[in-house]
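In TrEMBL this protein carries:
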{"type": "COMPBIAS", "residues": "248-257", "note": "compositional bias 'Basic and acidic residues'"}
{"type": "COMPBIAS", "residues": "264-273", "note": "compositional bias 'Basic and acidic residues'"}
{"type": "DOMAIN", "residues": "58-131", "note": "domain 'Methyltransferase type 11'"}
{"type": "DOMAIN", "residues": "204-279", "note": "domain '18S rRNA (guanine(1575)-N(7))-methyltransferase Bud23 C-terminal'"}
{"type": "REGION", "residues": "248-282", "note": "region 'Disordered'"}
Amino acid sequence: MASSCRRPEHTAPPDVFYNEEEAKKYSQNSRMIEIQTQMSERAVELLNLPEGQPSFLLDVGCGSGLSGDYLSEEGHYWVGVDISTAMLDVALKREVEGDLLVGDMGQGMPFRPGTFDGCISISALQWLCNADKRSHSPPKRLYTFFSTLYGSLSRGARAVFQLYPENSEQLELITTQAMKAGFSGGMVVDYPNSSKAKKFFLCLFAGVSGVLPKGLGTETSDKAVPNQVQYSGQRCRFKNMKGKSVKKGRDWILEKKERRRRQGREVRADTKYTGRKRRPHF
């Protein structure tokens, strides 16, 4: 992650970074268009939609409408949401077939329950992990987004997010908030052994527990390199407690403090006295 200083989300907020100059690249740069189309194709494949049947889909962070173009080619109807008016202006000039909406995904999805048959998002989700304003709390914004998205999807639908995680802590934050909102599923990693071709897709199930798809290029991958990360709502049991109570032990306290840190709360630092039983007072 040595290149994190060059990450777009560290440069400026999305509505500022994706200005008119940046938006033009998504309609003129053939390499960008090709990559965006390929990732959209993979995301739709992971949605596992019924064959030969048009679906009504949501494209979060739709930008200039490149993902929407692929959805239209596949015979689907779609609504695109993006925070950048410059990107949406490019989509309008390109006369995309989907409906477009200006919106901040961190403030939630303003749709009726069960509206969509699925959701895709290309290179947008990691922006929610940044606090661009003093009032922004990444855990809260992620939970608001996932909980409102969960409500807007029909039961049994999937949501697939292609993202560029900065580190494992960011991945854990994103998946934790998704599971808190009611989703099940996990991370699908394509070509896990390749530094250039490696791609992360968060595949979520709304209302049902599905089988997580396999990542591409994993047939010859090293068994020590995971290509799927399955998440559930079950809590891990502590081992080697030797009859002691699971709660109130040192392991339980450390796990609880770490969970609160991931939620963005203030927690006291761990010391050698953490979890130590106090002597009785007479």
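Note that Cβ sites are derived from N, Cα and C of the backbone, with glycine treated the same way.
A TrEMBL annotation is a machine prediction, not a hand-curated record.
Quick caveat, the model's predicted, so the values are computed rather than measured.
Nonlocal intrachain contacts for the compositional bias 'Basic and acidic residues' (264-273), taken as residues 6+ away from its ends with a CB within less than 8 angstroms of a stretch CB, comprise 137-140, 254, 257. Under DSSP, the residues of the compositional bias 'Basic and acidic residues' (264-273) split into helix, strand and coil as follows: 0 helix, 0 strand, 10 coil.
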